[in-house]
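Taken straight from TrEMBL:
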type: TRANSMEM; residues: 74-98; note: transmembrane segment
type: DOMAIN; residues: 82-506; note: domain 'Major facilitator superfamily (MFS) profile'
type: TRANSMEM; residues: 118-139; note: transmembrane segment
type: TRANSMEM; residues: 151-171; note: transmembrane segment
type: TRANSMEM; residues: 177-196; note: transmembrane segment
type: TRANSMEM; residues: 208-228; note: transmembrane segment
type: TRANSMEM; residues: 240-259; note: transmembrane segment
type: TRANSMEM; residues: 320-340; note: transmembrane segment
type: TRANSMEM; residues: 385-404; note: transmembrane segment
type: TRANSMEM; residues: 416-440; note: transmembrane segment
type: TRANSMEM; residues: 452-472; note: transmembrane segment
type: TRANSMEM; residues: 478-501; note: transmembrane segment
Amino acid sequence: MWVTNTVLLYRPNSMNRLTFSYPTRLAHSRKASSFSRFFRSSKRKKRVTTLSTRKPDDDHEISPVPPEKFSADLGWLSAFPHVSVASMANFLFGYHIGVMNGPIVSIARELGFEGNSILEGLVVSIFIAGAFIGSIVAGPLVDKFGYRRTFQIFTIPLILGALVSAQAHSLDEILCGRFLVGLGIGVNTVLVPIYISEVAPTKYRGSLGTLCQIGTCLGIIFSLLLGIPAEDDPHWWRTMLYVASMPGFLLALGMQFAVESPRWLCKVGRLDDAKVVIRNIWGGSEVEKAVEDFQSVMKNSGSNLNSRWLELLDKPHSRVAFIGGSLFVLQQFAGINGVLYFSSLTFQNVGITSGAQASLYVGVTNFAGALCASYLIDKQGRKKLLIGSYLGMAVSMFLIVYAVGFPLDEDLSQSLSILGTLMYIFSFAIGAGPVTGLIIPELSSNRTRGKIMGFSFSVHWVSNFLVGLFFLDLVEKFGVGTVYASFGSVSLLAAAFSHLFTVETKGRSLEEIELSLNSRDDLS
């Protein structure tokens with residue numbers, strides 16, 4: 001963990017004192033994780049170097065210059081390896097989203113259900129059924145086993161599911177494999193944002209939290225690139241599914257070296273271990289205050305090891321669960337999956353006939369938006385990004401509606417459709433995508449965080465399934481313009497909801513947020 005020492009410089013002419021910051025390293029701890037040791041030396045030294053000792057004149061006032069202007073801020077570095085390992089689960093999520101994008105036709109042909117749209121849809125959607133169940137069981141499991149062990153346990157269905165799918169020779173086998181993968185993904189998509197929110201230093205919690213979205217984008221892009229040979233090789237899908245098992249092994253291995261959440265350690269009475277993690281990740285100066293805050297919250301609300309699902313009906317948990325569920329409903333019904341599905345047809349109209357190439361353009365745009373979010377989220381705040389994101393999505397949808405619904409030159413209409421699609425995806429990636437999964441655990445109490453996230457993600461998967469189920473039928477019945485106009489309207493509704501119901505959490509510890517919500521300061 002990095003701390004800051006100071007170099008003072010007196011300039012002879014102006015007599016202004018300049019303050020420079022540079023990193024030194026904290027002491028080595030035998031209980032520290034291997035990741036944290038990598039960023040620390042074995043001794044702790046404090047060095048103050050005086051570059052000039054000339055005394056200032058009496059008529060000159062010494063004014064310090066803030067050190068932030070002269071130093072690189074590396075406070076996130078100690079936590080980065082740990083949250084990066086956790087975000088490997090989101091990479092898997094993105095990979096499994098993209099892995100069925102093209103090869104489903106080859107799979108159906110080889111396994112004997114080609115042309116049966118219901119069975120093809122079942123192979124894709126059985127994944128969502130497994131994810132729904134996984135999201136429900138994630139909260140109670142993490143309360144009992146902790147984050148590291150729960151991650152490792154649920155790499156088993158991820159690995160087995162990928163291998164079973166890769167070796168499938170019947171419809172039942174591919175369904176079984178896809179269900180197992182969905183089960184593991186459902187658990188991990190709940191765990192990752194909670195783990196990052198509890199491990200990351202408060203100042204960098206938002207930026208590190210966007211690794212969820214970045215990991216998902218990279219997984220999609222990687223699967224699309226790997227899937228290019230599938231257009232010529234009808235059996236390439238098996239290779240792609242074999243490859244899908246490898247990140248699971250890396251996740252299980254990486255979690256062996258990652259730290260446990262200090263908040264969970266404190267809840268189960270492992271106070272000394274919690275202090276070691278805080279010292280290594282947040283800095284030695286944060287240990288006493290953090291532990292005091294943890295214990296204060298636990299004293300007020302109790303350990304969440306004995307929490308029950310019915311507690312989500314009690315205030316303030318019920319309000320946070322309402323916000324979490326509503327944000328995911330609005331996110332899904334704002335049409336992200338429908339737009340992603342229809343984007344390949346939009347690109348075909350302008351001559352990009354390769355589905356993989358069109359999806360790659362979409363994936364790169366998504367990734368660029370996620371990178372922007374990582375830069376902005378701790379500067380502008382969660383609430384501004386959410387509102388701005390949904391407003392951008394609404395404008396993009398109405399631009400496409402204008403392009404397809406009004407008599408325009410064909411080239412202009414197609415160009416506006418492409419622009420609107422990319423604008424929509426970028427807008428989603430900058431706020432509605434990463435912020436939704438991050439702000440829910442930030443607003444949740446220590447006692448019910450796992451269960452509120454489980455409930456919220458279960459709503460997410462149900463909404464995801466419904467949009468996928470009815471999207472094409474609605475387009476066929478009412479037309480693209482009408483459906484996209486409804487997506488734009490939902491985006492406006494989501495922006496209004498975010499303004500009215502969400503609370504800004506930037507720069508506040510989870511304990512500060514919980515205490516303020518319990519006192520109803522921010523919920524009135």
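Cβ atoms here come from the backbone N, Cα and C positions, even for glycine.
Any TrEMBL annotation is an automated prediction that lacks curation.
For the transmembrane segment (208-228), the residues of the chain that approach it from at least six positions outside its boundaries are 76, 79-80, 83-84, 86-99, 101-103, 192-193, 196-197, 200, 236, 240, 243, 356, 359-360, 363-364, 366-367, 370-371, 373-374, 377, 429, 433-434, 437-438, judged by C-beta separation under 8 angstroms. Across 74-98, 118-139, 478-501, stretch 74-98 shows the highest tally of CB pairs under 8 A with the transmembrane segment (240-259). Of the ranges 151-171, 320-340, 452-472, the one with the most Cβ pairs under 8 Å to the transmembrane segment (416-440) is 320-340. Counting Cβ pairs closer than 8 Å and at least 6 residues apart in sequence, the transmembrane segment (478-501) and the transmembrane segment (151-171) reach fewer than three and form no contact. Within its own chain, the transmembrane segment (177-196) has Cβ neighbours under 8 Å at 83, 86-87, 89-90, 92-93, 96, 123-124, 126-139, 141-142, 147, 150-151, 154-158, 160-166, 168, 205, 208-209, 211-212, 241, 244, 248, 261, 437-438, 440-441, 449-450, 453-454, 457, 461, counting only residues six or more beyond its boundaries. Through the fold, the transmembrane segment (118-139) approaches residues 96, 100, 104, 107-108, 150, 154, 157, 171, 174-175, 178-191, 449-455, 457-458, 460-462, 464-465, 468-469 of its own chain, all at least 6 residues removed from its boundaries and within a Cβ separation under 8 Å. Confidence in the domain 'Major facilitator superfamily (MFS) profile' (82-506), given as mean pLDDT, stands at 88.
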